[in-house]
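Engineer: Submitted below is the structure of interest, expressed as structure tokens.
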Amino acid sequence: MSNSSSLTQFLLLAFADRRELQLLHFWLFLAISLAALLANGLILSAVACAHHLHTPMGFFLLNLSLTDLGCICTTVPKAMHNSLWGTTTISYTGCAAQLFLFAFFISAEFSLLTTMCYDRYVAICKPLHYGTLLGSRACAHMAAAAWATGFLYSLLHTASTFSLPLCQGNALGQFFCELPHILKLSCSHSGYLREIGLIVVSACLIFGCFVFIVFSYVQIFRAVLRIPSQQGRHKVFSMCLPHLAVLSLFISTGVFSNIKPPSISSPSLDLVVSVLYSVVPPALNPFIYSLRNQELKDALRKMMTG
């Protein structure tokens, strides 16, 4: 038995035992990370350089790309390193940093997606007040609040988790340092309950954001159905579909990974699900937004053709 004071490293879950499959995972993760870096980098450059994209949605999309880059750069490099060199270890400090950064970027991303939902709601349901409610100062304050929420959330959970005595070994059943898997190593009942209390409070806040999102989209769809022309309805749906697709991908993968039935749980399935919610969304988000946003596609085309 060991405790947290004597722990110097954790053992991460390996993707495969065979060397060929480890190298396959390395090249697969390399391709996904390069695609995510390139796509999000292009969106950042396009929004920064194209003046017609200096809108509230463009500003929030820029911030969303930053969180996607942060998620990819937090989890994938260490997984690639372990697959390439055939190791499974991560240092105690590195694990704490990875947990903090991943929680920070994931919670900031959810806050930004909620804010972007508010942007769509105001644009469609209260278009006459759009300039007033979503001015440059208001957008800056909302983005700052999203980042601050992510920082506070990750700081509280990381400090609480790594203050617990860990005496159940050092093997994590995950390819990166994730909160539930570290909690399984704890042997402190009171500390465990404290962290569970933080998780319950966080879940209530997340549920409140989810209720706001559902309410906003109900109002949006009601407003869309009142538009007389089919062309007008199609234009409004085109404005909302990218955000709705990104939001659905983010929520569905995250919810399934946390509440999947124990009867179907297995290390292989847990590994696939964790990749689906931690790696795939940051890589797909820029493609989803660029597919239905003609202004963004035009800006990217002009930037790439000089």
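The backbone N, Cα and C atoms fix where each Cβ goes, and this holds for glycine too.
Those TrEMBL annotations? Automatic predictions, nothing curated.
From TrEMBL, for reference:
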- 39-289: domain 'G-protein coupled receptors family 1 profile' (DOMAIN)
- 26-47: transmembrane segment (TRANSMEM)
- 97-118: transmembrane segment (TRANSMEM)
- 138-156: transmembrane segment (TRANSMEM)
- 196-218: transmembrane segment (TRANSMEM)
- 239-259: transmembrane segment (TRANSMEM)
- 271-291: transmembrane segment (TRANSMEM)
Engineer: Between the stretches 97-118, 196-218, 239-259, 271-291, which one has more Cβ pairs under 8 Å with the transmembrane segment (26-47) than any other?
Structural biologist: 271-291
Engineer: Need one number: mean pLDDT over the domain 'G-protein coupled receptors family 1 profile' (39-289).
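Structural biologist: Looking only at the domain 'G-protein coupled receptors family 1 profile' (39-289), pLDDT averages out to 85.
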Engineer: Do any residues, 6 or more residues outside the transmembrane segment (196-218), come within under 8 Å Cβ-to-Cβ of it, and if so which ones?
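Structural biologist: Cβ under 8 Å, 6 or more out: 110-111, 113-114, 117-118, 120-121, 153, 156-157, 160, 179, 240, 244, 247, 251.
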